[in-house]
Amino acid sequence: MAGDDLIAKFQALGMSEQKAKETLKNANVTKNLQLSLAAAGSATLSDGTGMLIYHMATKLKPQTADHLPLLVRYIVEHKLDNTQRVDAALEYLLKCGQSLNANIDLQALEKECGVGVVVTPEQIERTVQAKIKASYKEALLEQRYHFNSFKILQDVRGELKWADAKSVKAAIDVEIFDLLGPKTEADLKPQTKANDKPKAAKPKAEVTPAAQTAEAASDGATTISELMKTKVHFHAPGENFKADGYVVTEHTERLLKEHLARTGGKVHTRFPPEPNGILHIGHAKAININFGYAAAHDGVCYLRYDDTNPEKEEEKFFLAIKEMVEWLGYKPFKITYSSDNFQQLYEWAVVLINKGLAYVCHQKAEELKGFNPKPSPWRERPIEESLRLFEDMKRGKIDEGAATLRMKVTLEEGKMDPVAYRIKFISHHRTGSDWCIYPTYDYTHCLCDSLEDITHSLCTKEFQSRRSSYYWLCNALGIYCPVQWEYGRLNMNYALVSKRKIAKLITEQIVHDWDDPRLFTLTALRRRGFPAEAINNFCAQMGVTGAQIAVDPAMLEAAVRDVLNVTAPRRLVVLEPLKVTIKNFPHAAPVQLEVPDFPQNPQQGTHKITLDKVIYIEQGDFKLEPEKGYRRLAPKQSVGLRHAGLVISVDEIVKDPATGQVVELICTSQPAEQAEKPKAFVQWVSQPIQLEVRLYEQLFKHKNPEDPNEVPGGFLSDISEQSMSVVVAFADRALNQAKVYDKFQFERIGFFSVDPDTSANHLVFNRTVGLKEDAGKK
């Protein structure tokens, strides 16, 4: 049917011309509408019937497509006379759809959809009156027209399922008017939210970029638990057939029942990394989605090592992966290995060959690459011959690269016959030399999912094209078939996560190792001081959608700052010390001051610092010639000392004769309560200890260091010379007891974490993130 004819027919359903043209671009909806029009025949499609057919066509899933004529008939006969009834019919048919050619109980269908049920205006009025009287009258009298009447509507619809929503809303409005009368001037004013009122007892909340993102993104949440419970809507265990694209066979119903009997109806997920590198920030999203979804639904999550590439796997990667999963706060239900199933996978490969669904092929690896590789000349090789050759592959009788086992299936993107097994004469870290044939990802992944009764196989979007082979393989073997769900990958700007390229950075001595704090591996983020909670919250803010996400590091840092702001105790540190001698020091000897760890919440703990006549402030907190708006110490401007109760003023400036640099200030002090209030207070230390402080910035200059258009010279040419600097800082002695990975806020500077290079006599700190910039701070 020509495009113009279809547009005209779509308009006859009740669409605008623009809507009809947009619909034509959707091949699936167009197909459903064409079939619907054919099924409707000469029936009159007016009074909204046509748009109900359109609604059905957009919602119809492949599992229920066979029932399209039935749905059209019920719509045309006005048995399904609103979208609510159409949706109920689709849901009911989907439940029946796990069996092929399922016989539909029409009486049950009509009951489920409320066919013939008429809710009269009198019923609606009586129900609304009863609900308001029983549950809402007091609140209405108190809040008047500011009350959210949607609560009443939901309550009434819960009792009168098939009542027309507009009629219910109208009845509610009438009852509220009868109760309250006309709106007053106060009713017309916007309501002040409770959380808008200032609270003296609590500091003003800081709105961070991360918080803004979480608020703005409807698919995000503040925590993983909230995200998985409120924003993610996957199928229930055992209802795999409801998922889009799920393939139903004559065995599906039986297999799902057996699956539910084994799992007890619990959610089963898995996190299946390859143990050939260190996990990075993108993996953190995968960990949170898989473990988080299971935890939110009282399920279990496996940690499964996809160890099918023996030449790339190392023991240190196995250990590091487990360590990072646990660091993020998750405990695997079981730790498994794809190699645990090598024997079963081999036996299933033999089954495929016997069914004529797999064959031994001798095309070289380079012949299989590209968009249109030549079809295999061995595709129709006799089953007995493939069985014999596959056994020869297993016994090491065929050279590496001389043969593969391929599956007879075409993937979604058109790729034909993916490889299931290849020959590798390499010892495996777990199975030793037992095997010289190893299964591929395409073959292994879905079968291990099936063996572990995974309910939700959650993976990134690039695996969507493998979904067809995933379902095909499970169904070809007649085993339980999980559901694969894809979500968008998380990418970080100004960063690299490629294992090969990070290894290059290490060998070129640009970074020190996989845990260099300038990287975005999880070990690096931990070393830099990022709390696991912050990484988890950041992943929650990103949501679970099909869109690929690329964010700046500042967004992750904002989530880190949110957590550290309430968990990192404060300490006084100066990075570039300037000596200050208080000539009228008000005490005969050094004094101990008790300082709160969290000034805004003193009840959370305190620590002691020493105040003596010689202190050190930041060099940047003194200026000989201050510019306009400068607020800190200057020859004619005093400054307060944080926590000391003193205000100091400059009396004398001591300079290095050789360089002219200021090396000491001689100051006088006044008690803060007697002095004129200074414009600023600065941090200081006295009788300090020394720290090595490593200050980190972005490693790369450009947002996409791998993009040849942005960085023609390659990522190695894009390294920032200022990505790391080291200073010797002075700190109060309370930091003497700090342990590796302890986190602190150095007041007015930023958040810092104790580095593993720390020893008994040498404290090393990494800057985690700076403080939020305060506009106008001078």
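Glycine is treated like the rest: Cβ placed from N, Cα and C.
Annotated in Swiss-Prot:
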{"type": "BINDING", "residues": "274-276, 280-286, Thr460, 489-490, 497-499", "note": "ATP binding site"}
{"type": "BINDING", "residues": "Asp306, Tyr441", "note": "L-glutamine binding site"}
{"type": "COMPBIAS", "residues": "188-205", "note": "compositional bias 'Basic and acidic residues'"}
{"type": "REGION", "residues": "188-219", "note": "region 'Disordered'"}
{"type": "MOTIF", "residues": "273-283", "note": "motif ''HIGH' region'"}
{"type": "MOTIF", "residues": "496-500", "note": "motif ''KMSKS' region'"}
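Features per Swiss-Prot, on structure.
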residue	record	DSSP class
Glu274	ATP binding site	coil
Ile281	ATP binding site	helix
Asp306	L-glutamine binding site	coil
Tyr441	L-glutamine binding site	helix
Thr460	ATP binding site	strand
Leu490	ATP binding site	strand
Ser498	ATP binding site	coil
Binding-site residues listed as Asn276, Thr460, Ser498, least Cβ neighbours within 10 Å: Ser498
Sequence-remote partners of the motif ''HIGH' region' (273-283) [C-beta within less than 8 Å, at least six residues beyond its ends]: 305-307, 309, 312-314, 317-318, 320-321, 324, 460, 489-492, 495, 497, 499, 502, 514-515, 519-523, 525, 535, 556
Which same-chain residues, if any, lie at least 6 apart from Ile281 (ATP binding site) yet have Cβ under 8 Å of it: Leu490, Met492, Ala495, Val497, Phe520, Thr521, Leu522, Leu525, Ile535, Leu556
Positions whose Cβ lies under 8 angstroms from the motif ''KMSKS' region' (496-500), at least six residues beyond its ends: 276-278, 280-282, 519-521, 700, 705-706, 715
Entry from the binding-site residues list His283, Lys285 having the most other CB atoms no farther than 10 A: Lys285
Separation of alpha carbons, Asp306 (L-glutamine binding site) and Asn276 (ATP binding site) (Å): 10
Asp306 (L-glutamine binding site) to Glu274 (ATP binding site) - Cα separation in whole Å: 5
Ser498 (ATP binding site) to Tyr441 (L-glutamine binding site) - Cα separation in whole Å: 19
Average model confidence [pLDDT] within the motif ''KMSKS' region' (496-500): 90
Distance from Glu274 (ATP binding site) back to Tyr441 (L-glutamine binding site), taken between C-alpha atoms, in Å: 10
Tertiary neighbours of Glu274 (ATP binding site) (same chain, Cβ under 8 Å, six or more apart): Tyr305, Asp306, Asp307, Asn309, Lys312, Glu313
Neighbouring C-beta atoms (10 Å sphere around the C-beta of Asp306 (L-glutamine binding site)): 19
Count of other CB atoms lying within 10 Å of the CB belonging to Tyr441 (L-glutamine binding site): 17
